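To start, the structure under review is shown below, and the notes come after it.
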Amino acid sequence: MGDPAPARSLDDIDLSALRDPAGIFELVEVVGNGTYGQVYKGRHVKTGQLAAIKVMDVTEDEEEEIKQEINMLKKYSHHRNIATYYGAFIKKSPPGNDDQLWLVMEFCGAGSVTDLVKNTKGNALKEDCIAYICREILRGLAHLHAHKVIHRDIKGQNVLLTENAEVKLVDFGVSAQLDRTVGRRNTFIGTPYWMAPEVIACDENPDATYDYRSDIWSLGITAIEMAEGAPPLCDMHPMRALFLIPRNPPPRLKSKKWSKKFTDFIDTCLIKTYLSRPPTEQLLKFPFIRDQPTERQVRIQLKDHIDRSRKKRGEKEETEYEYSGSEEEDDSHGEEGEPSSIMNVPGESTLRREFLRLQQENKSNSEALKQQQQLQQQQQRDPEAHIKHLLHQRQRRIEEQKEERRRVEEQQRREREQRKLQEKEQQRRLEDMQALRREEERRQAEREQEYKRKQLEEQRQSERLQRQLQQEHAYLKSLQQQQQQQQLQKQQQQQQQILPGDRKPLYHYGRGINPADKPAWAREVEERARMNKQQNSPLAKAKPSSAGPEPPISQASPSPPGPLSQTPPMQRPVEPQEGPHKSLVAHRVPLKPYAAPVPRSQSLQDQPTRNLAAFPASHDPDPAAVPTPTATPSARGAVIRQNSDPTSEGPGPSPNPPSWVRPDNEAPPKVPQRTSSIATALNTSGAGGSRPAQAVRASNPDLRRSDPGWERSDSVLPASHGHLPQAGSLERNRNRVGASTKLDSSPVLSPGNKAKPEDHRSRPGRPASYKRAIGEDFVLLKERTLDEAPKPPKKAMDYSSSSEEVESSEEEEEEGDGEPSEGSRDTPGGRSDGDTDSVSTMVVHDVEEISGTQPSYGGGTMVVQRTPEEERSLLLADSNGYTNLPDVVQPSHSPTENSKGQSPPTKDGGSDYQSRGLVKAPGKSSFTMFVDLGIYQPGGSGDTIPITALVGGEGGRLDQLQFDVRKGSVVNVNPTNTRAHSETPEIRKYKKRFNSEILCAALWGVNLLVGTENGLMLLDRSGQGKVYGLIGRRRFQQMDVLEGLNLLITISGKRNKLRVYYLSWLRNKILHNDPEVEKKQGWTTVGDMEGCGHYRVVKYERIKFLVIALKNSVEVYAWAPKPYHKFMAFKSFADLPHRPLLVDLTVEEGQRLKVIYGSSAGFHAVDVDSGNSYDIYIPVHIQSQITPHAIIFLPNTDGMEMLLCYEDEGVYVNTYGRIIKDVVLQWGEMPTSVAYICSNQIMGWGEKAIEIRSVETGHLDGVFMHKRAQRLKFLCERNDKVFFASVRSGGSSQVYFMTLNRNCIMNW
């Protein structure tokens, strides 16, 4: 059978010159559907030989591709392992229709390898058959590769078998892109499960290349298909598989039954780097291919197998007479199987049916004939009976007709009634719909009117606030000018007034100071403070105060005039947490000129009560300046600490700042106090008439994107050198802290280090109100008399604060691992710094079996690194007396005194850790850690960084204070250096298993609020690890605690509404001690929004923004203080081009607000002022949708630069979409969660490992490998504690937490 088309070159082929197939080939039946047409079983008319005929419509666009395919088939199909090309024909069509091209090729009657595998028991071929088929495929590929042709589509469906078990390749070369023999193309790349990684990379990146060795990878996947019934990843969506193939390790055989030769062959074929993959010639010499039984035996075995499978298929198909292809042919044609080579003549099935029909008709005709003959015989025998019979039949027919007519009329009547009922029902529905529509329109009009009214009201409110801001900004400018004019004069007055011999460490302004010597602004502030004190302060009413003047800022402790005079004239303190009896330090920071001050009504009148934390005047070289033991009792025992609110602006405290003391008979201005359990716990009686300062820190885990150097430079300073025999250690502490803080990010106001205005926070400048620029430069110490009794705690409702200054109080930081109770945690000894965790190292070890009285680092003990001086002032935990309640809801008691002045040794507390619900995560069995220990080295000398404690003159009194130790707990104070044991992070988990999946969590004080699929619970981390159910049958997707606002913000419920719960209401659900709170509604919604996907709380200055991602819009709300006390709409951006999945807000250079959001396409920005939306970064190399993980703003960039994390990558860009670093962060695997933690690092949780990386460079700092794959999810973090959850099969979850080494946090 010759080739009907002449052997011409590609350019010379003329499709119109091809012959018509009529009389040469005829079509028998369809065996498959292709994209461009159908594949038929055909037959040569003269010889009866079978052929596969692909019928395609010829269009002008595809004519060149068809010519190229014909040329390829003619050139390279003459090989024993490639289906032979017989010829091409053109079947002419009427004008206006496309002609049909018939491509005639060798017919492989046994079907494809995929068919064979599917019809095999167990869906797996024997190893001998697999080796034989692989060898034949390799021979065909060797032929193609020798002619520089890449098949590009090796898979089971393109490897066909003949009746004699010969193996033939089909659909190679250009045809792989043009069509699929016996199957249609699903996507532009076909099914990707057999594709090599380099081919996929070439689809993603046009610059990538690949060669003929991509066919070797496809051969390896086909071998797995023959062994296991399907290729790897076949249960996934094709686009998902396309994404995973280049990223996953090479697939392997699942079963262990296969020989080593076979597994080695597959491993060799599936080498991911195609340059290392062997060519076909080498694989033909591979033992698995070379060492085979004789070909005859294998082919006989295969033929028997083919025959058996055909018989099975024949039994299934014996009731089917015709076959037609279906659209799902590519999935199901293998099940149907190939028809037998013994052909049914066309029309045979039709003849069979016709024959059966004729037989049936003959049978019925014979029966009718018999009945007619019987009737004639009866008629002849009895004519009268016959007449009667006819009349009877006639009467019966008449009655039947009447009955039929009656039935028809009845049916018509019923149909008419039914139609009437339907019409009435339809009319009623229309009326109901119209009524509903009218009602909805009325409600919509009312809502629109209400919305307009609210908008006008909010607009008027914002205009009033803006006017107040402008007035106070102008007032602040005038104060700055006055201070600049008077600064030199004040310094001269100070030097004249203070003689060297009379210098004291603390300056007391008493009656001897002439008020005329003060600047005008100081007198005005003093006057306002006095008015507030008289009006608001209950202390002022109970105890008359003398009108002692407040000191001006310029009257500081003696310092060299040169360096100090170069300090910017207007400075502001670090934003403190308002509340009663807080120990505050006014760290001054240059105030930017564009700062928008807060309203005067808040900044001048809401002065918080303050206690004094005094600074030494150690910077003066004059020995007379050293304090003497006769220093005022108010100055003793005070603790200096830096407010470590992550949203505050101040740099680290100056080593030598000025200090002022308010006289003990003058009370500061009084404001509504925050009466929480923390505050009441510190109402303790003190010896010497001095009250320990309280340090409470405000924090919000969602807002920790600022430069850590500004927040962590904790300076440890004594109150008085005269009572400080170990003063040298304090100097060492100061040096150590200074060494562990970057000078460029934490400018310290000292004579040797001048403040630089440009060294500002990385987040856009957050200038505070001028209240802090003025009022909080005065650090006040309020003295208490010795006989003053501690105040009892107020009712539970009072524990929650309504202060607008506090974001969330971090009373605990020992995180439940033997930490003090909440009430005592903030006392100076138990906790002198809001970031105690960041300067001490705590390792909680296995809690199961602990020796009795181990004094050193061991299981069940909390080892806190301290210097010997601090040992003296250690305060142990106070038992709160409520053993079954979490600390966040318990009142606190006064500490008891120990006459010996030392903390007595206690029994080992191993059982207590078990009672708290803590177990070892098993850190040495579940997680294998690989950490670069260099990042966890402390930043100072070889000494450990001590916990700041009260020292000095009040140290003896404080040493006598100890707390009732919680039952069984131990705090082991070990002065030896145990850093070597605690350099690496520790992982622990809570024994409690949650029945449903944990979706989110947030720290509420010391305890953890946990949101699951089925409700909200509180995990008591300070007590026995008990779990309290708060809200049931409601899904909680995301949450944040704002303790200062008494709020828990959530996305919850089936409709994903943004709900705000009141913490006082949640607290009362545990205590049940306030009926008034129970009567109130415990939550409210923010707006009428449904379908919230994500939100972010962002604090700028004193404004708290709430940015919310909805289905196709972003809403921005801002917190409005009293009398509104709610989140109010600020901006709305609807009809965004992409659906926001992740959202954040930045303030560029302290001036421009921008919303940054991530979508499935990339990352985008919206300018808040103009509303313009634009793309920041679109990962064009990923053609499928992406999953955005995190938007992280980099430190020291004024909110302009960020790290965008998505999929398993991260890029550094600025807010205008420009790449700023030639670095792409690459995770080791696809993370399920990515989070920025306070140590200036990012963590990624994957199924196989937890990775810790530097946020600045993407450098890998540490890895925790899981012993088994598990799904982990980040929950929240605070200081050096990171909480995450594991989700097991069945939906059960457990809470883990990782304790990072605190020294690494100080070593930025």
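Note that Cβ sites are derived from N, Cα and C of the backbone, with glycine treated the same way.
Predicted, not measured: the structure shown is a model, and the values here were computed from it.
When R511, R636, R1218, R1271 are looked up in Swiss-Prot, the one carrying the note omega-N-methylarginine is R511; the rest have no such note there, which does not rule it out for them. Within the list S324, S462, S565, the entry that Swiss-Prot describes as phosphoserine is S324.
Taken residue by residue, the compositional bias 'Low complexity' (479-497) breaks down under DSSP into 19 helix, 0 strand, 0 coil. Other Cβ atoms within 10 Å of the Cβ of V31 (ATP binding site) number 24 in total over all chains.
Per-class residue totals from DSSP over the compositional bias 'Basic and acidic residues' (396-466), listed helix then strand then coil: 71 helix, 0 strand, 0 coil.
Confidence across the domain 'Protein kinase' (25-289), taken as the mean pLDDT and rounded to a whole number, stands at 85. The Cβ of V39 (ATP binding site) has 25 neighbouring Cβ atoms from other residues within 10 Å, across all protein chains displayed.
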